[in-house]
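Have a look at the structure below, then the notes.
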Amino acid sequence: MGHVEIWVLTMCMIFQSGYGFYLPGSYPHKYVVGDPLSVKVNSLTSIDTEMPFSYYSLPFCKPKEGVKDSAENLGELLMGDRIENSPYKFKMYVNESEIFLCQSKKVSADDFKLLKKRIDEMYQVNLILDNLPAIRYTKKEGFMLRWTGYPVGVKVQNVYYLFNHLKFKVLIHKYEETSVARVMGTGDAVEVMPTVTKVGSDMPGHMVVGFEVVPCSVVHDGNLVNKLKMYEKYQSPIKCDPNAVSMPIKEGEPIVFTYEVAFEESDIKWPSRWDAYLKMEGSKVHWFSILNSLMVITFLAGIVLVIFLRTVRRDLTRYEELDKESQVQMNEELSGWKLVVGDVFRAPSNPALLCILIGDGVQILGMAIVTILFAALGFMSPASRGTLITGMLFFYLILGIAAGYVAVRLWRTIGCGDHKGWISVAWKAACFFPGIAFLILTILNFLLWGSHSTGAIPFAVFVILLLLWFCISVPLTLVGGYFGAKAHHIEYPVRTNQIPREIPAQKYPSWLLVLGAGTLPFGTLFIELFFIMSSIWMGRVYYVFGFLFIVLILLVVVCAEVSLVLTYMHLCVEDWKWWWKSFFASGSVAIYIFLYSINYLIFDLKSLSGPVSATLYLGYSLFMVLAVMLATGTVGFLSSFWFVHYLFASVKLD
């Protein structure tokens, strides 16, 4: 079966499967009673420091077969995920209790200090079963709160307690069919939807549809433990009370780890098993954000419409038979922007830099639109860890062609068709944004390496990223540049005078207006920005990509309108230096996003714990803000360029 057929089938599945929305990248596993189930562990995480650490950096039990890394993609490594095997093992539909796991070595002074530090910094243990993260429910003021993972321990009256007994609940759904294709509602497309099961087994299978954990702090009897081996039954019953703690961490004493597991049949279907993690919270807020944006767009669209109607109407009246007096009167009326006709297409200062920024902006904007569209269709679901980052990287590399093409074509347009220097422009476009990104990442990586965090990008991955950059992105950008050099440059509708016209003195500094213009695009974005920040820094799952796609389209429209209106205002006061101003009019939204992220750091993240965490946060924020500035600035510039070209092409001048 060819790739094309599989692609078409997959698209059909997405649009046909009415209820069970299948998430690519996570196939249903069917287990027979007694089949082994293995729990995996991810990095320890904290919203207090934002630095992930390896699970085995703390004195936890290690599996008999040794610690092994699970297969990871590039996105997971960049996100700081380190998925490893764990000693927790279950048998499908076999309830077990009082299982002894191990007794750690005596807690050394260093381990004691580290455990206390991790508990103070609110570190969470993240477990995964059949690709589902462990979920924990707690009651607070009558509300059920959901958490992924469980805390390492807790501090009560200056005494540190460790959670050393875990009570697992695995929710399973029974399927009688040996083939799951019908249940999934995917018709005949069995080839696209393999089910992992034992060969030749016609026994009813079960699927894991939920994974819950209750952590407890329990004191064990040292005499009973000494003779036990891993997975043997602990001799006395263990009472797991999540509201009471009794296992204080003491230096020089070992820690005993135990667990229990109970299986429970559930009505949850396999395609709906992620619903518990993706509960739709604040959908009204998302709609409010979109309505708010639509109001801003309508207001700006009104202004744009007025501008176009006035200019086009005036142009048409040129052909109407009017008496001489009316024409003279009209010319006086039109004096503003018509006076800059000989300067409006004069080359801006630093034209090469402008071309490079626009090329990189097209690449980032294209990547954002394509990635979010794919994510909204369900291709980059939270069930497939790391696919979002991997997808972004892939689309960014491919769109190097667009960056090279746009940068070089704009360079030739500004140079009135001159080919000279196009290779330099394409090369710089290929290196400008990735170069800054690498500089920021390298500095932050040294901080993470110094802290021994799993958030640090391994050296091998660094080499892979460099190879992707220089072996794929740079050549593609140069190819795009070659096509841009071959393409016909955009011809200006009017000639440029040799001597530049003097710009009259303005009442207000024009840059003040340009920086203020960023508030309108920010207004369309800031509500969604809160959800995005919460998902990145608060460990929440972000999945409302449909809303995000709508917000992105609205943002593009607002940026185009804001820049267009501002360019017209500048031309009306005879200011012909519109090139850079049109870029920064919409690009200045980045300043407000950066100020918002500082506000989020101080008030929502409580400044994090320690200067390293705050520096990491600000470094990543700076990286994000730069990308936003390039993307929004590009939209503003291209819309203004089109507007100015259209304006002076459609209005015939004497």
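From the backbone N, Cα and C atoms, a Cβ is placed for every residue, glycine too.
Record features, source TrEMBL:
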type     : residues : note
SIGNAL   : 1-20     : signal peptide
TRANSMEM : 287-309  : transmembrane segment
TRANSMEM : 352-376  : transmembrane segment
TRANSMEM : 388-408  : transmembrane segment
TRANSMEM : 429-450  : transmembrane segment
TRANSMEM : 456-485  : transmembrane segment
TRANSMEM : 511-537  : transmembrane segment
TRANSMEM : 543-566  : transmembrane segment
TRANSMEM : 578-602  : transmembrane segment
TRANSMEM : 622-648  : transmembrane segment
With an 8 Å cut-off on Cβ pairs and a sequence gap of 6 or more, do the transmembrane segment (456-485) and the transmembrane segment (287-309) reach 3 or more such pairs?
no
Ranked first among 287-309, 388-408, 429-450, 578-602, 622-648 for CB pairs under 8 angstroms with the transmembrane segment (543-566):
287-309
Which sequence positions outside the transmembrane segment (429-450), separated from its termini by at least 6 residues, show Cβ-Cβ distances below 8 Å to it?
51, 355-357, 359-360, 363-364, 400, 403-404, 407, 456-457, 462, 465-466, 469, 473-474, 477-478, 481, 612, 615-616, 619-620, 622-623, 626-627, 630
Hey, would you say the transmembrane segment (511-537) packs against the transmembrane segment (352-376), going by three or more CB pairs under 8 A that are 6+ residues apart?
no
Which sequence positions outside the transmembrane segment (578-602), separated from its termini by at least 6 residues, show Cβ-Cβ distances below 8 Å to it?
344, 348-349, 354, 357-358, 510-511, 514-519, 521-522, 525-526, 529-530, 533, 537, 558-560, 562-563, 566-567, 570-571, 608, 614, 617-618, 621-622, 624-626, 628-630, 632-637, 639-641, 644
